[in-house]
Ligand SMILES: NC(=O)c1ccc[n+]([C@@H]2O[C@H](COP(=O)([O-])OP(=O)(O)OC[C@H]3O[C@@H](n4cnc5c(N)ncnc54)[C@H](O)[C@@H]3O)[C@@H](O)[C@H]2O)c1
Ligand SMILES: O=C(O)C[C@H](O)C(=O)O
Ligand SMILES: [Mn+2]
C-alpha cells in the first residue's frame with residue numbers, strides 16, 4: 001500500500017486508529033501521530049460502545065455511528081456485529097427513515113456516488129472517478145422517490161442497505177457502492193429548504209428520466225458486467241417497470257418488489273406450518289397495492305403454484321387486493337394501476353356488497369365477505385387495520401395472520417399489541433419494523449417476527465453475485481425464501497416467532513446465499529463453472545469479516 005501518514009488515518013478503509021501496531025506505525029509514518037497505547041479491536045469496540053451509550057436518542061446514535069463509519073470501517077462493522085440486534089434498528093429501519101428525511105441537515109461527509117441530472121453529460125467520467133481500480137460487485141441505487149413509507153426524499157442515498165449487505169451478508173464493503181440518482185424532487189419542503197444538498201428542481205420524468213437511468217445502467221453493464229444491480233425505493237411508476245426493462249440484460253434486483261415478496265412468502269409459509277394448512281387454502285388480503293404489495297401478491301401466487309402445484313389461474317383466485325380506491329375490481333377502470341389488473345376481481349362477485357358513494361368497496365366490507373386468513377399491509381396508512389376490521393377477521397379464523405409491513409414503525413397498519421388484544425392473543429403476526437413482544441391471555445410471551453426484506457436480500461444478493469448470475473430469476477428467489485422458511489422458529493414450536501431473529505440474520509443469510517447460488521448453478525444462470533457441492537465452501541471463503549489486516553508499505557504500490 002502506498003498511502004502514508006495522515007492519508008491513511010483519514011481513509012476509513014485503511015484506518016485502524018490506535019489499532020495500528022508499532023511496526024506499521026513506523027512503516028507508515030504514524031509513530032508521532034498516535035498516542036502510545038496500541039489497542040486491540042476489542043478495546044476499541046468497548047470504547048466506541050461506551051461513547052455510543054452517551055447518545056440519548058436513536059437519531060443521535062445513528063449520527064454517531066455514521067461518523068464512526070466515516071473514520072474506520074473495520075471498527076464500525078465490528079462494533080455493530082457485536083451488538084447486531086440492538087444496533088440494526090439504529091443504522092437501518094426505523095431510524096434510517098429519520099436520518100434520510102434529515103439528510104441535508106445532518107450532512108457532514110458524503111458517502112457513495114452521486115449522479116445528478118444536470119451533470120448528465122459527465123456521467124461516465126463521474127462514474128469512473130468513483131469506481132476506478134475497484135472490483136465492484138454490488139451497486140445499490142436509489143432515486144429516493146419512495147423512501148420507506150415517507151415518500152420523496154430527493155437525494156436520499158441507500159447507504160444503510162449496503163451496510164446491511166456487509167453486516168448480514170458478508171459482502172466486502174470495498175466491493176459495494178451506494179448510488180444516488182438525483183433527478184430532483186417533488187417534495188416542497190425540500191425545495192424550500194436552503195440547506196437542501198440535492199438538485200433543487202422538480203423531478204425529471206418521462207423520456208428524460210428514462211434516458212438518465214438508462215445511461216447509468218449501461219455504465220454498470222459496460223464496466224461491471226458481473227455485478228449485481230440492486231434498486232431501492234424507486235417510485236411505484238418506475239420500480240417494477242425498470243425491473244422488467246433490465247431483467248434480461250443484467251443481474252438486477254428490486255428489493256421492495258422482490259425482496260419483500262420473498263420475505264413475506266417465507267413468513268406465510270411459516271404461518272401455514274403453524275396452522276397446518278396449505279398455501280393454496282389461504283384467502284389473501286393485501287392492503288396497499290404498490291411496489292411492495294404487488295411484489296408480495298405475485299410472489300405468494302407463484303409460491304402457491306410452485307409449492308402446492310396449483311395452476312396460476314386457480315392460485316390467483318385466492319387474492320384480494322385493495323388500494324386507494326378500495327378493492328381492486330374490474331369496474332375501477334382507469335384507477336387500476338399497471339400490475340394490479342391481473343388481480344382485479346369480477347364485479348359480479350361483489351353484487352349487493354355495500355359501497356361508498358363512488359361505488360368503491362372498503363376494507364371492512366372485503367373482510368366481512370372474504371373472511372381472509374391472511375391480511376398484509378403495505379399502504380403507508382397508519383392504523384388502517386382498525387379494531388372493527390381486526391375483530392371481524394378474527395371472528396372467522398382461529399389463527400389469523402396479520403402482517404402490517406409499512407415502515408417506519410409509526411406507519412404500521414396496526415400496532416401488534418392492539419391486534420393481540422383484539423384477537424385475544426390468537427393472531428400470528430409479523431411486522432416490517434421491530435416491535436416489542438406481546439403477552440397472550442394465557443400469560444405466554446409472543447415474539448413479533450420482523451418481516452423486513454433485510455432478512456433475505458443480503459443472502460439473495462450474495463448468492464447471485466458470487467455465482468456471477470447473468471440474471472436474478474424467480475426460481476432463485478423462491479429457493480431463497482424456502483430456505484428462510486425452513487429456518488423459521490415457529491416450525492419447531494408454534495408459540496415461537498414466524499421468522500428467525502435478526503441476531504441470527506448472518507447465519508440465516510449464509511444459508512440463503514448457498515440456496516440461491518445452488519439454484520443458479522442448477523438452472524444454468526450462473527456465470528461460474530462450479531459444482532453445487534463446492535458452493536458452501538465458496539460462499540464461506542468469500543465472506544468479509546471486520547478484522548484488521550496487516551499492511552505492508554510499498555511506495556510504488558496501489559493505495
Ligand atoms: N417490511 C418490508 O420489508 C417492506 C418492504 C418494502 C416496503 N415496505 C413498506 O411498505 C410501504 C409501501 O411501500 P411501497 O414501496 O410499496 O410504496 P408504494 O408507494 O409503491 O405503494 C404504496 C401503495 O399504497 C397505496 N395507498 C396509499 N394510501 C392508501 C390508503 N389509504 N389505502 C389503501 N392504499 C393506500 C398507494 O396507492 C400505493 O399503491 C412502505 O411503508 C414501505 O416502508 C416494507
Ligand atoms: O428499508 C426497509 O426497512 C424495508 C423496505 O425496503 C422499505 O422500503 O420499507
Ligand atoms: Mn425499501
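Cβ from N, Cα, C; glycine included.
The active site, proton donor annotation in TrEMBL covers 92. A C-beta separation below 8 Å, combined with a sequence spacing of at least six in one chain, links residue 92 (active site, proton donor) to 160, 161, 163, 164, 454.
According to TrEMBL, the feature active site, proton acceptor maps to 161. The secondary structure of residue 161 (active site, proton acceptor), as reduced to three states from DSSP, is helical.
According to TrEMBL, the feature divalent metal cation binding site maps to 232, 233, 256. Listed in sequence order, 140, 141, 142, 158, 161, 254, 255, 256 are the same-chain residues six or more apart from residue 232 (divalent metal cation binding site) with CB atoms under 8 A from its CB. Taken residue by residue with DSSP, residue 232 (divalent metal cation binding site) is part of neither helix nor strand, so it is coil.
Taken from TrEMBL, the feature domain 'Malic enzyme N-terminal' covers 69-247.
Feature annotation from TrEMBL assigns domain 'Malic enzyme NAD-binding' to 257-521.
Not a single one of the recorded positions among 92, 232, 233 has a C-beta coming within less than 6 Å of an atom of ligand 1. Within 8 Å of the centroid of the Cβ atoms of 232, 233, 256, where the record puts divalent metal cation, the same chain has further Cβ atoms from 142, 146, 147, 158, 161, 231, 234, 239, 254, 255, 291. Long-range neighbours of residue 233 (divalent metal cation binding site) (same chain, six or more residues apart, CB within less than 8 Å of its CB): 142, 143, 144, 145, 146, 147, 148, 156, 158, 256.
Its Cβ taken as reference, residue 256 (divalent metal cation binding site) is surrounded by 27 other Cβ atoms within 10 Å in the chains shown.
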